[in-house]
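To start, the structure itself, in structure tokens.
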4 protein chains.
Amino acid sequence: MEIEIATIGGYEEVGRQMTAVRAGDDVVIFDMGLNLSKVLIHDNVETERMHSLDLIDMGAIPDDRVMSELEGDVKAIVPTHGHLDHIGAISKLAHRYDAPIVASPFTIELVKGQIEGEEKFGVDNELVKMSGGESMEIGNGLELEFVHVTHSIIDAINPVLHTPEGAIVYGLDKRLDHNPVLEDPIDMQRFREIGREGEGVLAYIEDTTNAQKKGRTPSESVARTHLKDALQSMEDYDGGIVATTFSSHISRVSSLVEFAKEIGRQPILLGRSMEHYSGAAERMGYVDFPDDLGMFGHRKSVDRAFKRIMNEGKDRFLPVVTGHQGEPRAMLTRMARGETPYELESGDKVVFSARVIPEPTNVGQRYQAEKLLGMQGARIYDEIHVSGHLNQEGHYQMLQALNPKHVIPAHQEMEGYAPYVNLAESEGYKVGRDLHITRNGNRIQLVE
Amino acid sequence: MEIEIATIGGYEEVGRQMTAVRAGDDVVIFDMGLNLSKVLIHDNVETERMHSLDLIDMGAIPDDRVMSELEGDVKAIVPTHGHLDHIGAISKLAHRYDAPIVASPFTIELVKGQIEGEEKFGVDNELVKMSGGESMEIGNGLELEFVHVTHSIIDAINPVLHTPEGAIVYGLDKRLDHNPVLEDPIDMQRFREIGREGEGVLAYIEDTTNAQKKGRTPSESVARTHLKDALQSMEDYDGGIVATTFSSHISRVSSLVEFAKEIGRQPILLGRSMEHYSGAAERMGYVDFPDDLGMFGHRKSVDRAFKRIMNEGKDRFLPVVTGHQGEPRAMLTRMARGETPYELESGDKVVFSARVIPEPTNVGQRYQAEKLLGMQGARIYDEIHVSGHLNQEGHYQMLQALNPKHVIPAHQEMEGYAPYVNLAESEGYKVGRDLHITRNGNRIQLVE
Amino acid sequence: MEIEIATIGGYEEVGRQMTAVRAGDDVVIFDMGLNLSKVLIHDNVETERMHSLDLIDMGAIPDDRVMSELEGDVKAIVPTHGHLDHIGAISKLAHRYDAPIVASPFTIELVKGQIEGEEKFGVDNELVKMSGGESMEIGNGLELEFVHVTHSIIDAINPVLHTPEGAIVYGLDKRLDHNPVLEDPIDMQRFREIGREGEGVLAYIEDTTNAQKKGRTPSESVARTHLKDALQSMEDYDGGIVATTFSSHISRVSSLVEFAKEIGRQPILLGRSMEHYSGAAERMGYVDFPDDLGMFGHRKSVDRAFKRIMNEGKDRFLPVVTGHQGEPRAMLTRMARGETPYELESGDKVVFSARVIPEPTNVGQRYQAEKLLGMQGARIYDEIHVSGHLNQEGHYQMLQALNPKHVIPAHQEMEGYAPYVNLAESEGYKVGRDLHITRNGNRIQLVE
Amino acid sequence: MEIEIATIGGYEEVGRQMTAVRAGDDVVIFDMGLNLSKVLIHDNVETERMHSLDLIDMGAIPDDRVMSELEGDVKAIVPTHGHLDHIGAISKLAHRYDAPIVASPFTIELVKGQIEGEEKFGVDNELVKMSGGESMEIGNGLELEFVHVTHSIIDAINPVLHTPEGAIVYGLDKRLDHNPVLEDPIDMQRFREIGREGEGVLAYIEDTTNAQKKGRTPSESVARTHLKDALQSMEDYDGGIVATTFSSHISRVSSLVEFAKEIGRQPILLGRSMEHYSGAAERMGYVDFPDDLGMFGHRKSVDRAFKRIMNEGKDRFLPVVTGHQGEPRAMLTRMARGETPYELESGDKVVFSARVIPEPTNVGQRYQAEKLLGMQGARIYDEIHVSGHLNQEGHYQMLQALNPKHVIPAHQEMEGYAPYVNLAESEGYKVGRDLHITRNGNRIQLVE
């Protein structure tokens, strides 16, 4: 059976991930993501109303025109988890394909949100839920399996396409976490089995985000211990404490909610995306928040919540808000500019449970947000976080577990592939033979 | 009563700490440290045989000639903990003063080691043990109290000299740790009492090492969780695992020993200073190591231990060795150069439970050690560590607890004082009035 | 005669410089500057209409309330050169003092511009022109002398107040340039004389901006050679070339104009401040621009100029525009966003004859401007520049020339003073004796 | 005719450059270099006595075993210029090939030195001199041409192998300098002709060292102006001035010699390699040094020269010495350690006309050398230098001049190729089609 991989997007950048695998006459698409930074650099761009081709020209969504060169029918669109760089182009591209969107339940829920927000295209692909540990027949003699992995969002999976020529493991976005906070540990056992079963692994597409980082990505439980230490140390403080983190990072939000309670404060989630993600997770039973946990997304209800906090006493609450990167329009930045009813005072604490994404525009905005917070007397706690991506040791372990015939580094620009190439070469792979440095829009024929 | 503080050493650098407080006719000296980097930059310098004046000229030990200007008698020499930058000059300077050395039991033990190693001077000052929480009368109407603090070495204290004019708190080297691994939490309660008692606090001398760092220094328990996560992830590895950390960091060594056992390996401590510190801690009962824990310092016994490891199987041991900074003659660097019987192989793991001290010579040496380890196939786990010094939030809390009349930043060069000055000014202090930016060799008259 | 120095602004930051010297009953004020970054961090602040007190609270202009403690009459306000951090608060503060503004002719011209733009206060202090090399009697037995210095703006001086107790040299903002492009070399000869005359130099207030930089600040002639090399290499290019630099840097603008001609292009100055500074310099005869050099500041005339360029051919012009730091509203950023009639094409060259000011907000904006330029195909030439401030060697030379009794580092925050303190101590000065680390709002009594 | 390129060394690092081109039955080898850092990381390795295979295993010299797969006869070994990373393996590998070494006259002279120093192998390949602008018939219907280029060593060329299928341009190590100090400008005219002639350029192998740097590498004349400005500013200094630069950088050494004379000092070249390179350049007439210029390489004669300087007065000399990177055994480091008769004093000036190579070991050593110099009172002038390699604009110009069918980035690790790939893609090349990301030991078949 012919096996071919089209590396459509996310092979020259982090963002707008999209990969297609053709096995015989059947094609499966993994991820359809958005590169948000390509949107934000322009003023006043509203993607909701934009046409796909314009977004492709901007480099914001994958250029899927290479799909016409793949001789086969798309049988499924498979986003691996709910981050925008993996699902954010579905509303712009999925309607072109007559195929269901297959994803884990939480991811499906977030995909729904994307589709509902879309104003240009009508997307009515079937939405099919499948959880980690499950699989389905697909196309002609193929099987699609989801392996449960751990990442900075819940319900992430690595899809595996089993073909007669061996398995194709699409390995994007995970950390080897044996002690995550809300979920099961990563299913390394299953990866090891896949590495030994049948024809073994034909190809492994790997998330190389952190390939330059030594050692092992710490478990979410390390971030949790760090966060607990920080919040408990504030137990006696009788002023304002505010925290911010990635809205989609349900485990972290859950820890913040829990520790707020422990130090005698009422947690409250504020900001549109904070409400969006945590609301979905709670509705679906992924997390068991306290009954009295407030979540507010709309400007008016947020301001009402802030007024209530100011009336009842800042020392009784712990708002968890959006704005961890200093985004100009996020809640924390508005607080820093004094645009909300919440009044910061000297000694108030602001906890960034996130790292600064090291891109200069971003660094500048975060700096400015911290400056503005500081001008109001706030004290910053930063970098209480662990990455959601594999460091070098995780890469070694995955190669050893899967023992793939071909390896395709992904999720980076070429500069980011370099340390992964060194690592994979030390395991016996060779560029140009079985280690494929590729670019957006290329096709790699694995079996002819 | 006249109160005067002589800032003798460690006010223009990190290293060679020494401060004298005169209260009336009595003088107490806090710390007599060594600036090791001023020694190491020269080839082949052996401090054991060198004269004080030469070491003073090199900037290696405090220039205590300003002591002759202090009109009073030295009643005690009080090292705060056992790090070299606090006790390393005792063997060169203490014999000039007719006064006992008063310190916590573990510190006294390490001071003894210093004195025994000295080849130039005979030091026979009385050695007096006093623990955190205890105090003694001293001089004329003065009281010396030890407050228990948490640092990266056990049995650290902050000495407080109670005078009729208020307390002098010598605050060098601590972290506000409410959950340390081997010891009691820092005694913040006592600091708060001292801040409110009698005349309150006349002066606070503060360790500003981390004054540029936001938030709170994480607890040792955070490093421990991180370390546990790393070591547990190696449980299935059947090759060599080696760890390194600060030899004097007994809590960390203890965690390493414990986790080695947990993953089924025999820990073994190797290297002269590893044996020195851990041996002392165990003899004195600060730590309860397993009975079968080997500690070897001399070259021959170390090599014998390595041979035994190679014979019985690297997978059965976890050597904890010196060399976390890539020091050219330390054990790990010797291993990296293939100069020991221990043979590293591809896939072996080396855990640096320490951060790189950010000084270029050091960074270069550490880089070289890692390169050499990598050339043998070893994989590096780095930065599994937390600092032993206060971040900004700790400084705020200490100022609020003590409410001192005068503040004297220490333990840095002027560049390092700058962020502390901003911080203290935000709490109402003012340079030139009650916030004293000083230099080595100055005297500050607090009460005339 | 009592001599006292009030360090009013610019002693905790770069920006809002202001220093007052009292000699007996007479007071002279040096500089009244603006800290622009404190304004720009807020959205939509228009300083023109703001009250002084609000600007003081923002940290934007000097807090001159300490002036009420100085027992003497202000005889002159003396800005040293025309940069905003030295003249930008004159329109907000000068009217409070019944004293003339004394400055070099070009500086006076720029002060006029400031006063005319002011909408809140009426400023009618007398404007008195005095050039480098000249002096005037002032107050009771004092003499004010201007020594010609070289900086990144023309007609900069260092004012010297000669008192019976010795000279006070206000040394802000210069580079020791023996080969500047448009002006005479720095008058080191005069500084050496002042160091030896009469009572010598009582105090030297020093610009420590670059005190951490080794060696010597290169001459403007080095930047000129660099710029020439870059522009000449583009001689054969038949597309667009655009340059940007500091609008006030007349020497650099002049070199750009000259080299544009040399490679067969018509230079044209675009942007409000570009027209403002270069127009003033040309009118006053400081620079001899070609007769056909266009300068356009108003939006409409700029757009007209761009249309003409597009019609006649980009290859015939070299626009010199504002926007070297990526300021969001500057001309180059507008070009990068496609908001002007000038259309950038692949291969067009953009020359930044400026360095990026290393502040994160700024770095982020500049990065974004370069990204946007790059998206249109432009190629960036950056860092064709030399600093206008003394490096370490210049500081040594000034101390040796003047041999001052007291030294007061200025024009930095404390962190920036640290390397200068090390330098001055190596020349025999001592903090707390004759080397004064001070803060905004302090007074230093030199002669009682 | 079959055309094939073997990328043997220097495609995964900077250092040990070696590339072979097979055209039909004939093979030409370009460069045989040494990666010195792979030698220096080991203590006490003496390459002179080592066998090739050991050096290959260390990664120090190219692994030329791939040559056995090339079906053709080696007709020439062509080093492009005299730097060690291009000629340093000739003494270890050239004797395996029955072919002459063809190079420019200065390069041949330096190759001779390499061969004479070799103690393990006898190398007796014929040495053939050919200058830039010349060419020779070679093999069967091939022509080897040397195009004169400008680099940080004199007499550098880019070899071009003219084949019936088009030209192979080996573009390693150059800067587009239209105004070098000692030589003719780069021969861009000839590159443009080659781009247009006959079959055009089949392949261009490019030095991507600086591909991440914006704009244009400044001309050597810019470094010269900078250096002149620095030295002239020291004209009045009556103590010691010492300079250091790359020994092989004859243009820079020549400028130092000239400016020393201009400020009334006797230049003198000290250190083994300083004598080696400058001696060769002078003997061969590349530079016209003053008759009284001393050059001393052997330890004894150097010390004698230092003694003479100390006797006659440091103010009368300007020693130009080795040690610009702080190499532990170089002359300047010995001076810094007080191991030579030259006594540094407070105020003496040390000019580094070189940049620090940004590798941590190196940065550490340089830092240490500067510290030691500073401890003796010396003041550092650093970074008076320009790179010898193309920045981005040079890469664009070369692609436009040559218009090659295939492009092969070289002289970097993969991380370094990334910015070049982006650049070449913006000019229409595509990875995997005509833009070849390769590794050591690969073969690329261009014509079958």
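Residue positions begin at 1 at the first shown residue.
A Cβ is built for glycine as well, from the same backbone N, Cα and C atoms used for every other residue.
Pulled from TrEMBL, these are the features on record:
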type	residues	note
DOMAIN	B:15-226	domain 'Metallo-beta-lactamase'
BINDING	B:H81, B:H83, B:H151, B:D173	Zn(2+) 1 binding site
BINDING	B:D85, B:H86, B:D173, B:H411	Zn(2+) 2 binding site
BINDING	B:H385, B:V386, B:S387, B:G388, B:H389	substrate binding site
Close binding-site residues near B:D85 (Zn(2+) 2 binding site), where close means Cα within 10 Å, chosen from B:H151, B:H385, B:V386, B:S387, B:G388, B:H389
none
Distance check against B:S387 (substrate binding site) for the binding-site residues B:H86, B:H151, B:H411, keeping those with Cα within 10 Å:
B:H151
B:H86 (Zn(2+) 2 binding site): tally of other CB atoms within 10 A of its CB
31
Under 8 Å between C-beta atoms and at least six apart in sequence, can you list the same-chain neighbours of B:V386 (substrate binding site), or say none if there are none?
B:R175, B:T217, B:P218, B:S219, B:E220, B:V222, B:A223
All chains considered, the count of other Cβ atoms within 10 Å of the Cβ of B:H81 (Zn(2+) 1 binding site) is 27
Listed binding-site residues are B:H81, B:H83, B:H151, B:D173, B:G388; which of them have CA atoms within 10 A of the CA of B:H411 (Zn(2+) 2 binding site)?
B:D173
How many Å separate the Cα atoms of B:H83 (Zn(2+) 1 binding site) and B:G388 (substrate binding site)?
12
Show me the subset of B:H86, B:H385, B:G388, B:H389 whose Cα is within 10 Å of B:H151 (Zn(2+) 1 binding site); these are the binding-site residues I mean.
B:G388, B:H389
Spacing of the two Cα atoms, B:H81 (Zn(2+) 1 binding site) and B:H389 (substrate binding site), in whole angstrom, works out to 13
Mapped DSSP class for B:H86 (Zn(2+) 2 binding site), helix or strand or coil
helix
Cα-Cα separation of B:H385 (substrate binding site) and B:H86 (Zn(2+) 2 binding site), in Å?
22
Minimal Cβ count within 10 Å, across the binding-site residues B:H151, B:H385, B:H411, points to B:H385
In the three-state scheme derived from DSSP, which category covers B:H81 (Zn(2+) 1 binding site)?
coil
Could you give the Cα-Cα distance between B:H86 (Zn(2+) 2 binding site) and B:D173 (Zn(2+) 1 binding site), in whole Å?
10
DSSP state at B:V386 (substrate binding site), helix/strand/coil:
coil
Residue with minimal Cβ packing [other Cβ atoms within 10 Å] among the binding-site residues B:H83, B:H389:
B:H389
Suppose the substrate site is B:H385, B:V386, B:S387, B:G388, B:H389. Which further residues of the same chain have a Cβ inside 8 angstroms of that site's Cβ centroid?
B:S152, B:R175, B:N210, B:T217, B:R355
Can you list, in sequence order, the residues of the same chain other than B:H81, B:H83, B:H151, B:D173 whose CB lies within 8 Å of the CB centroid of the Zn(2+) 1 site?
B:T80, B:G82, B:H86, B:S152, B:I153, B:A156, B:L172, B:K174, B:G388
Other than B:D85, B:H86, B:D173, B:H411 themselves, what residues in this chain have Cβ atoms within 8 Å of the centroid of the Zn(2+) 2 site's Cβ atoms?
B:G10, B:V14, B:G15, B:Q17, B:D31, B:G33, B:T80, B:H81, B:H83, B:L172, B:D207
